[in-house]
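Peer 1: The following block contains the structure, expressed as structure tokens.
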Amino acid sequence: MLQSIPGPQHILKALTGSLGLSTIFEPDHEASQNSFQCSKPELSCHAQYHGQDTCCFNYPGGQMLQTQFWDADPAVGPVDSWTIHGLWPDFCDGGFDQYCDSKRRYSNISLILVDSGRADLLEYMSDFWKDFRGDDEDLWEHEWNKHGTCISTLETTCYADYYPQQEVVDYFNKTVEIFQKLPTYQTLANAGIVPSHTETYTLDEIQAALAKAHAAPVTIRCRNRALNEVWYHFNIAGSLQTGTFVPSEPDGLKTNCPATGIHYIPKKHREPSRTTDTPSQPTTTGTPFKGRGNLIVSSMGGRRGCIISRGKWFASGTCATFKAKKATDDTFTLQSSKGICAFEGDAFSCGPHVTAPEEFSVQDGKLSYRGNTTFFADKAPKGRTQSTIFASQDEHLIDLAITWKERR
């Protein structure tokens, strides 16, 4: 269990009489001691909502997902551990709310934890709750603001003697607590599934190992046929702070991994071979897009529409014509009738609001951005709907690739 010392928030409340002095040195910080007491907790997604106190019944986000990352290139976190992604309150049918309370959107998570006497928690998060871009604080802020604010039992009114940002501490503390009980790396290793540059595994092998440890199936996510994420699903009897987490079946979207040939890439770099029969071939970039053409989207094993002039993914109608202009020998820029194109705020967009064009390249015939040929979206467009394309995976569930169809 993580150890803590009283922070300024606790000391201030003790001195002003809001907390007894004896309580500020209480070593057990696994859950808030002044959160709402629930006499007869009901299990979320099993009991029907009929007006229960949502301080004791997680609603509407009653399906809790503890999500973990395996980032191998670039390597993120310890070589023998997965890292934390977040704790997400899904609806029982797989949908979800996001950014539920603008008044509780914080940008100082580290300071909040330290001021609450949880420097121990911050230290652990700095090792195991990692952002692949290197900005851990930004990831923590994103997870709280997008997901934490949507957990009903973390509302400030659910505390008998609330101190500022107490619910933020509870969110990160509970996420770490659940993560520590789900050692994905060790669970897979116990089943003979270990990172390797040569071995591959089946989806059934991976699912069997993780489901046995979790006591319920899990959601397994891949990127370019390689293990990338695991989602553990729970329902909760009572509040997030003090309730019982019960393993549950996955909701909503299932795995995107192939049935066989799944790679589990080591985080540490491959050691060079001392002897080789033939020299290795360097990776080369493809011929840059040029002239005028369409940006064709492929996803889920087939062609799925194209990109229209403002940079959105569209499945119906006419594809936009883009101009590819040479930037260097290996790179080029893109422009539509609306204007130049770039990733702004991680989202692909074209228009007069874009101030500087992005440089792209080609790998294996696919559009490449910063070395990646896989892009992401929240959903595949249908009918007249359009979808935003993102450069990083984050929590975007659809993988896609973009190719060029030259127009003459």
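Along the chain as shown, residues are numbered 1 onward.
Including glycine, each Cβ sits where the backbone N, Cα and C put it.
As listed in Swiss-Prot for this protein:
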- 1-25: signal peptide (SIGNAL)
- C38-C56: disulfide bond (DISULFID)
- C45-C92: disulfide bond (DISULFID)
- C55-C158: disulfide bond (DISULFID)
- H85: active site (ACT_SITE)
- C100-C150: disulfide bond (DISULFID)
- N108: N-linked glycosylation site (CARBOHYD)
- E143: active site (ACT_SITE)
- H147: active site (ACT_SITE)
- N173: N-linked glycosylation site (CARBOHYD)
- C222-C257: disulfide bond (DISULFID)
- 268-292: region 'Disordered' (REGION)
- 275-288: compositional bias 'Low complexity' (COMPBIAS)
- N372: N-linked glycosylation site (CARBOHYD)
Peer 1: Give me the non-local Cβ neighbours of E143 (active site): same chain, 6+ apart in sequence, Cβ-Cβ under 8 Å, ordered along the sequence.
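Peer 2: Same-chain residues close to E143 (active site) (Cβ under 8 Å, separated by 6 or more) are H85, G86, L87, T175.
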Peer 1: Whose Cβ, among the disulfide-bonded residues C38, C92, C222, C257, has more other Cβ atoms within 10 Å than any of the rest?
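Peer 2: Compared across C38, C92, C222, C257, the most Cβ atoms within 10 Å surround C257.
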Peer 1: Near N108 (N-linked glycosylation site), how many other Cβ atoms are within 10 Å of its Cβ?
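Peer 2: Taking every protein chain into account, the count is 14.
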Peer 1: Let me know the DSSP-derived helix, strand or coil state of C92 (disulfide bond), please.
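Peer 2: For C92 (disulfide bond) - judged by DSSP and reduced to three states - the answer is coil.
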Peer 1: C45 (disulfide bond) to C56 (disulfide bond): how many Å between their Cα atoms?
Peer 2: 13
Peer 1: Around H147 (active site), which residues of its chain at least 6 apart sit with Cβ under 8 Å of its Cβ?
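Peer 2: Within the chain, H147 (active site) has Cβ neighbours under 8 Å at G86, L87, W88, P89, Q98.
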Peer 1: Whole-number answer please: how many Å between the C-alpha atoms of C222 (disulfide bond) and N173 (N-linked glycosylation site)?
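Peer 2: If we compare the Cα positions of C222 (disulfide bond) and N173 (N-linked glycosylation site), the gap is 27 Å.
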Peer 1: Helix, strand or coil: which one is H85 (active site) in, per DSSP?
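Peer 2: Strand, per DSSP.
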